[in-house]
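Below: one structure, written as structure tokens.
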Amino acid sequence: MVKVGVNGFGRIGRLVTRAAILSAKVQVVAINDPFIDLNYMVYMFKYDSTHGHFRGTVKAENGKLVINGNAITIFQERDPSNIKWADAGAEYVVESTGVFTTMEKAGAHLKGGAKRVIISAPSADAPMFVMGVNHEKYDKSLKIVSNASCTTNCLAPLAKVIHDNFGIVEGLMTTVHAITATQKTVDGPSGKLWRDGRGAAQNIIPASTGAAKAVGKVIPELNGKLTGMAFRVPTPNVSVVDLTCRLEKPAKYDDIKRVVKAAADGPLKGILAYTEDQVVSCDFNGDSHSSTFDAGAGIALNDHFVKLVSWYDNEYGYSNRVVDLMVHMASKE
């Protein structure tokens, strides 16, 4: 059983904790968040507007957060180097504040006795791993890793299957992405990215994303062959990737469906899924897959030029991969 500490009890921190409880392979033993006190943690964990009421018990007792009878040590440190992870028995730390995303900043957790740190965001310099794509390249000399982004986790498994079977010459990705916490409820100031400051509930907002370029880091053969952008739309959760790419080998759309289904039923089971149903975004709320290929939504212009569509729960699917990555890392100890 992997003993885990969570730094930052936001959307991902809370859902990694939910996913950990369901997985029974990792145990959250400590949580740090300087902005949320213990009683508020109970409330935030218990009630979730997107994923519903927690189906278990959660209470505050003796200064700890007790979920389903398991007591979790609570810290409220602003400086990650001051968190005494070892005292709480936490060996792996999920860095989910969105703030400490570099090797140097995330490395502060090691000072408190953590053995490994998993950054739940893309990182400028930490090695990135996507389950089902390049997780086998992880080796135990690495103390700090990144689980990449939710969008990279959706795109990379699909890109891998297509590239392995037909070869991707080049491609452009668009993600139609649900609202996230960094956006504004109404128009407000937003640094250099002026569009990002516009009201999230009333606009379709074009935004940048490094998710497609990051695929080149986890699949080196695709480095420089993919880039992409995002449209932020007024939905609370679930996003969809549109990968438009040129294929090296000719392929009928039915050939593409066949290889994706084979991967979803085989080596990528649990990570990539396949559907021919007439689905919409809400149908994937609470889905634990990284990516669900929508066979009915894709189109082909010809045998070399296709548009492929894949859905993802950008909160819960991703949180499950964070747990899976920790389990995989622990298997290499």
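Every residue, even glycine, has its Cβ placed from backbone N, Cα and C.
Per Swiss-Prot, these features apply:
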type	residues	note
ACT_SITE	Cys150	active site, nucleophile
BINDING	Arg11, Ile12, Asp33, Arg78, Ser120, Asn314	NAD(+) binding site
BINDING	Ser149, Cys150, Thr151, Thr180, Thr209, Gly210, Arg232	D-glyceraldehyde 3-phosphate binding site
MOD_RES	Cys150	S-nitrosocysteine
SITE	His177	site 'Activates thiol group during catalysis'
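Everything Swiss-Prot records as a feature, shown here on the structure.
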{"residue": "Arg11", "record": "NAD(+) binding site", "DSSP (3 states)": "helix"}
{"residue": "Asp33", "record": "NAD(+) binding site", "DSSP (3 states)": "coil"}
{"residue": "Arg78", "record": "NAD(+) binding site", "DSSP (3 states)": "coil"}
{"residue": "Ser120", "record": "NAD(+) binding site", "DSSP (3 states)": "coil"}
{"residue": "Ser149", "record": "D-glyceraldehyde 3-phosphate binding site", "DSSP (3 states)": "coil"}
{"residue": "His177", "record": "site 'Activates thiol group during catalysis'", "DSSP (3 states)": "strand"}
{"residue": "Thr209", "record": "D-glyceraldehyde 3-phosphate binding site", "DSSP (3 states)": "coil"}
{"residue": "Arg232", "record": "D-glyceraldehyde 3-phosphate binding site", "DSSP (3 states)": "strand"}
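Of all Cβ atoms in the shown protein chains, 29 besides its own fall within 10 Å of the Cβ of the residue listed as 'active site, nucleophile'. Around Thr209 (D-glyceraldehyde 3-phosphate binding site), the same-chain residues six or more apart in sequence whose CB sits under 8 Å from its CB are Ser149, Thr151, Thr175, His177, Gly228, Met229, Ala230, listed in sequence order. Here is what falls inside 10 Å of the CA of Ser120 (NAD(+) binding site) among the recorded positions Cys150, Thr180, Gly210, Arg232: Cys150. Taking only the Cα positions, the spacing between Arg11 (NAD(+) binding site) and Arg232 (D-glyceraldehyde 3-phosphate binding site) is 17 angstrom. Comparing the recorded positions Arg11, Arg78, His177, Arg232 on other C-beta atoms within 10 angstroms of each C-beta gives the minimum for Arg78.
Note on Asn314 (NAD(+) binding site): other Cβ atoms within 10 Å of its Cβ, all shown chains, come to 25.
Less than 8 angstroms from the CB of Thr180 (D-glyceraldehyde 3-phosphate binding site) sit Arg11, Arg232, Asn314, each of them six or more residues away in the same chain. There are 29 other Cβ atoms within 10 Å of the Cβ belonging to Ser120 (NAD(+) binding site). Put plainly, the binding-site residues Ser149, Thr151 were compared by Cβ crowding within 10 Å, and the winner is Thr151.
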